[in-house]
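Heads up, the thing below is written out as structure tokens.
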Amino acid sequence: SLTVFSVMNSFSAELDDDDLKELTQSPDVEMIVPDSIAYPHAGALVQKDAPWGLARVSSRTKLPAGSSADRLSYDFERLPSSAGVDVYVLDTGVNIHHIDFGGRAHWGKTFGPYLNQDGHGHGTHVAGTVAGKRWGVAKAASIIAVKVLSDEGPGKTSDIVAGINWAVAEAKRKGRPSVINMSLGAPANDAMDRAVVKAVAAGVHVVVSAGNDNVDAKNTSPARVPAVITVGATSITDERWVSSKTSGSNFGKSVDIFAPGDRITSAGMSKSSVTVKTGTSMAAPHVAGLIAYLLATEGRRTPANMLARVKHLAPDGVLSGIPSDTR
């Protein structure tokens, strides 16, 4: 089978040894990357009873000691429902009928042998943090579900590349400010890295999770790519999230910024359910939502300028447990 990714100037295919040898010898081929598996990483208004992640992204100071995880305040600016920003959530799918989305979530496309559903819950939780009415940062943004991971969690990198290609093509076709959230990752993979570089070059803001292995993110794709915004996770006490020697937020020079990721409350799998999840998967959508919010309130920026803007808004020197070689 052959799948062409026109935006990425590439394709995926199942090849026998002879065809692979012939392709390897072609001067028109820049690289050949074996398919692999990627995994999910789990006027002014004041919103009361907000989850701590929202409270933290709207505050330049530490939250009060002993703060409740979901009874805080989130300051934001009311925007019309036609704010015009699309966020493509490449994940396990999204329950687009969840009440927290208020009709702003839509099914985009499915890549892989999967049903058009979120049978896992990871993608719905992520989308809720991006743009949920109660749980989300950008409460007027549109969510586009792009299913690239299975209901069990893992997914093929070729399907993820296909999802990136489709999202970029859609963003170009629609002409709306667009963000891609990828709360997922795999061991170093040149094909996936190339795809996100192409997406950013097309003007799409790409936000990815740093990974949950408590190691340097330099060997994790697409987190290691300089062009994307790579997000690590923090706890409610402004510490880098770590739960064990082998479980915690990745770090290192590839990580651009940290955001709330420990015990984050957001939309659950069923239409009205709520669930709590932890990981850099939960941190990335806080930043994706912030970017969508800034695109709506401040206008378009290039991805590089947006990263600079986000870093400017972030308080410096307040986190603990961050290795010295992390940006």
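Placement of Cβ uses the backbone N, Cα and C atoms for every residue, glycine included.
Helix first, then strand, then coil: DSSP counts for the domain 'Inhibitor I9' (7-38) stand at 8 helix, 6 strand, 18 coil. Annotated domain 'Inhibitor I9' per TrEMBL: 7-38, in sequence order.
The feature domain 'Peptidase S8/S53' is assigned by TrEMBL to 83-316.
Residues or ranges marked as active site, charge relay system in TrEMBL: D91 (among others). Counting Cβ atoms from all protein chains shown, D91 (active site, charge relay system) has 30 others lying within 10 Å of its own Cβ. According to DSSP, D91 (active site, charge relay system) is assigned to a strand segment.
Annotated active site, charge relay system per TrEMBL: H122 (among others), in sequence order. All protein chains included, H122 (active site, charge relay system) registers 27 other Cβ atoms within 10 Å of its own Cβ. Reduced to three states, the DSSP call for H122 (active site, charge relay system) is helix.
Positions annotated as active site, charge relay system by TrEMBL: S281 (among others). If you draw a 10 Å sphere around the CB of S281 (active site, charge relay system), it holds 32 other CB atoms from the protein chains shown.
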### Message
To the nearest Å, how far is the Cα of S281 (active site, charge relay system) from the Cα of H122 (active site, charge relay system)?
### Response
8
### Task
Provide, as an integer number of angstrom, the distance between the C-alpha atoms of H122 (active site, charge relay system) and D91 (active site, charge relay system).
7
### Task
Sort S281 (active site, charge relay system) into helix, strand or coil using the DSSP assignment.
helix
